[in-house]
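K.L.:
Sending over a structure as structure tokens; questions will come in a sec.
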Amino acid sequence: MAPSPDHARDLYIELLKKVVSNVIYEDPTHVAGMITDASFDRTSRESGEDYPTVAHTMIGLKRLDNLHRCLADVVEDGVPGDFIETGVWRGGACIFARGLLNAYGQADRTVWVADSFQGFPELTGSDHPLDVEIDLHQYNEAVDLPTSEETVRENFARYGLLDDNVRFLAGWFKDTMPAAPVKQLAVMRLDGDSYGATMDVLDSLYERLSPGGYVIVDDYCIPACREAVHDFRDRLGIRDTIHRIDRQGAYWRHSG
């Protein structure tokens, strides 16, 4: 008996997760922060707690599973809108999203790839105190963070997923988000780490999120990022339950 189309689709999606996170070839990690051993560690890779030297994403399998579920939900529930990730590194999560939407036959949904493509910005006196305290700019060289738009495009092309449904928004979020040509969103995935980057995206794009859509916050564990989320939600009176994905990420579903 031939496998069902749904079975073949699901096999492709599960394989794509393993490829973008590179749990197949097990590349080592950069030594930075609390990581002192460069050896591949499967537990750290699955939970997205290392800095891969080769893999196209560092969010790990648990957060890829969450992205899978959120995207599948909006497709199956008929929630209209596109997908955006703000802070994409090498593009792996966006590549996964494009592959999944393609596998579900979602020809009308765009994947928006938003990043400075320069790593974290240098801080100024006007930045939020929690951003100044953590100073993410120091990680740019330590974990090979800055990735050019050209490299991310090449990564999409390697998977055969660089098409007209993939659009790039290059620049700092404070500049690109207010005028972003995004009309409607079904899933927005925030991975800017800082208070400023998180707030810039929420302020500009949350109103474009369809009821039933998802907000995923990759770095909810970082105090600056978490405070931005709660400041924004308190200001708008958002009471939708925040669910933890793992030790780092969280999400909520927009009740409308």
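Backbone N, Cα and C define each Cβ position, glycine as well.
Per Swiss-Prot, S-adenosyl-L-methionine binding site is recorded for 57-58, 85-89, 115-119, F173, 191-192. The active site, proton acceptor annotation in Swiss-Prot covers D65. What Swiss-Prot records for D191, D218, D219 is Mg(2+) binding site.
Please situate the listed features within the shown structure.
P.N.:
If you draw a 10 Å sphere around the CB of F173 (S-adenosyl-L-methionine binding site), it holds 27 other CB atoms from the protein chains shown.
D65 (active site, proton acceptor) falls within a helix when secondary structure is assigned with DSSP.
Counting only residues at least six positions away in the same chain, the Cβ atoms of I59, R63, G87, R189, L190, D191, D193, Q248, G249 sit under 8 Å from the Cβ of D218 (Mg(2+) binding site).
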K.L.:
When neighbour density is defined as the number of other C-beta atoms within 10 angstroms of a residue's C-beta, which of the binding-site residues T57, S116, Q118 has the lowest density?
P.N.:
Q118
K.L.:
If you count Cβ atoms within 10 Å of each one, which of the binding-site residues E85, D191, D219 comes out on top?
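P.N.:
Answer by Cβ density within 10 Å: E85.
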K.L.:
For F173 (S-adenosyl-L-methionine binding site) and D219 (Mg(2+) binding site), determine the Cα separation and express it in whole Å.
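P.N.:
Checking the Cα atoms of F173 (S-adenosyl-L-methionine binding site) and D219 (Mg(2+) binding site) gives a distance of 16 Å.
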K.L.:
List the recorded positions among D65, S116, Q118, G192 whose C-alpha is within 10 Å of the C-alpha of D219 (Mg(2+) binding site), in sequence order, or say none.
P.N.:
G192
K.L.:
Between W89 (S-adenosyl-L-methionine binding site) and D65 (active site, proton acceptor), how far is it from one CA atom to the other, in Å?
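P.N.:
Spelling it out, the Cα of W89 (S-adenosyl-L-methionine binding site) and the Cα of D65 (active site, proton acceptor) are 18 Å apart.
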